[in-house]
Amino acid sequence: MTLSFTARWRDELPATYTALLPTPLKNARLIWYNDKLAQQLAIPASLFDVTNGAGVWGGETLLPGMSPVAQVCSGHQFGVWAGQLGDGRGILLGEQLLADGSTLDWHLKGAGLTPYSRMGDGRAVLRSTIRESLASEAMHYLGIPTTRALSIVASDTPVQRETQETGAMLMRLAQSHMRFGHFEHFYYRREPEKVQQLADFAIRHYWPQWQDVPEKYVLWFEEVAARTGRLIAEWQTVGFSHGVMNTDNMSILGLTIDYGPFGFLDDYDPGFIGNHSDHQGRYRFDNQPSVALWNLQRLAQTLTPFIEIDALNRALDRYQDALLTHYGQRMRQKLGFFTEQKDDNVLLNELFSLMAREGSDYSRTFRMLSHTEQQSASSPLRDTFIDRAAFDAWFDRYRARLRTEAVDDALRQQQMQRVNPAVVLRNWLAQRAIDAAEQGDMAELHWLHEVLRQPFTDRDDDYASRPPEWGKRLEVSCSS
């Protein structure tokens, strides 16, 4: 089957990009590709059979219909206007036309210098490329909206970060790479007509049902706010910390994008800071909902030339509504509740207080809770708490709450185990795969990808265990 590509961004949004070709790496080689995603997208297996070089995966060749461009965007970093930020190392190769008429961006990260590279070198390193591939696929199989990873190319090109590393490329796929920062770029350049063109592009291709509706811009922004709210709710319930929620890392479609200093909670710590460069804790775990709203407010500001402020403020309310509604639904599912009762939040917050005080493992606590039997006061979770009297008191109230619903244990446990993962991408697991890959051994990278495809399956190996102490102390930075 022949793949078809279009170039809607290039054709419809002039002055938002620079056309250029990727810059290949030295001795590039394909080390991993996403076989399941490739099958879903009808990508011929022959494209991955590259024995001499890395082909399209390393930017050495293009497929028919591809018209590569580097997109320009700006944004706020750590709450401060930073001006033009990129795309300094990513190139949109083209947009694949799918059978249902939709499209999918093929975006090559680490593709070389662009006019927007600022002081950067246009490269990505193997370490960060592996992390992003693992994280995006882990999030997908957890059911959280995200960009996807299609392939990784390694090389012998030296790249200087904190230490000397080697260059790599990631083929990232997404329905769109449109970010809040695209709108900010033209708003601060005092080009409101281009901001409106971006909004028109988004509506035309992703919300076509509103194209001819007079209030289309308000409806569109309401949906952006709601999608962002639902996304943040998903992050908070699964214990995901993004680490660098700058406005240029926020997706118009409500996707998780730009995996840098991310982390999943090990010990439950609501103030967890995954990014060691975040000295003020702006992007700490429990501040993510507030930061997302702040970012939406920055996006709303760019829309003031063609949306009234009152309408924008009403639309922003959709964020909080979506966040709280979706978070409440998800947490009730995690606790095994089928109905909403007035004291549910009290019970949840009491559990969080216990977990924070004891340093309980976030994912394992909820997974173990999913094995609760209403009539049994014993629980394997009890042995993980030092203050067993406090746990027993909470557990009695929890079982009493379960008995208020006419749901048997088997059905409830089944629901809980569909939303409480046994496996998440802990930083130490990613680091183990990286360490092996940097020595030329890709087996752990491939196997970890397989493990992450079944996050809700119980395991008795270390992929589902608490991290070793050294694994809790790994520092992650924006360096990638």
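Here the Cβ of each residue, glycine as well, is placed from N, Cα and C on the backbone.
The annotation active site, proton acceptor is assigned in Swiss-Prot to ASP248. The ATP binding site annotation in Swiss-Prot covers GLY86, GLY88, ARG89, LYS109, ASP121, GLY122, ARG172, ARG179, ASP258. Summarising the annotation, Swiss-Prot assigns Mg(2+) binding site to ASN249, ASP258.
In this structure the C-alpha atoms belonging to ASP121 (ATP binding site) and ASP248 (active site, proton acceptor) are separated by 19 Å. Spacing of ASP258 (ATP binding site) relative to ASN249 (Mg(2+) binding site) is 6 Å (Cα to Cα, whole number).
Fewest other C-beta atoms within 10 Å: among the recorded positions ASP121, ASP248, ASP258, that description fits ASP121. For the recorded site, ASP248 (active site, proton acceptor), the DSSP three-state label reads helix. Residue density at ARG172 (ATP binding site): 25 other Cβ atoms are found within 10 A of its Cβ, drawing on all protein chains shown. Listed in sequence order, the residues of the same chain lying 6 or more apart from ASN249 (Mg(2+) binding site) and placing their CB within less than 8 Å of its CB are GLY75, ARG179, GLY181, HIS242, ILE257, ASP258, GLY260. Within 10 Å of the C-beta atom of ARG89 (ATP binding site) sit 24 other C-beta atoms, taking all shown protein chains into account. Here the CA atom of GLY86 (ATP binding site) lies 9 Å from the CA atom of ASP248 (active site, proton acceptor).
In the three-state DSSP assignment, the secondary structure recorded for GLY86 (ATP binding site) is strand. Here GLY86 (ATP binding site) comes close to GLN71, VAL72, CYS73, THR114, TYR116, SER117, ARG118, ASP248: these same-chain residues lie at least six apart in sequence, with C-beta atoms under 8 angstroms from its C-beta. Max Cα-Cα distance over the annotated ATP binders (GLY86, GLY88, ARG89, LYS109, ASP121, GLY122, ARG172, ARG179, ASP258) is 22 Å.
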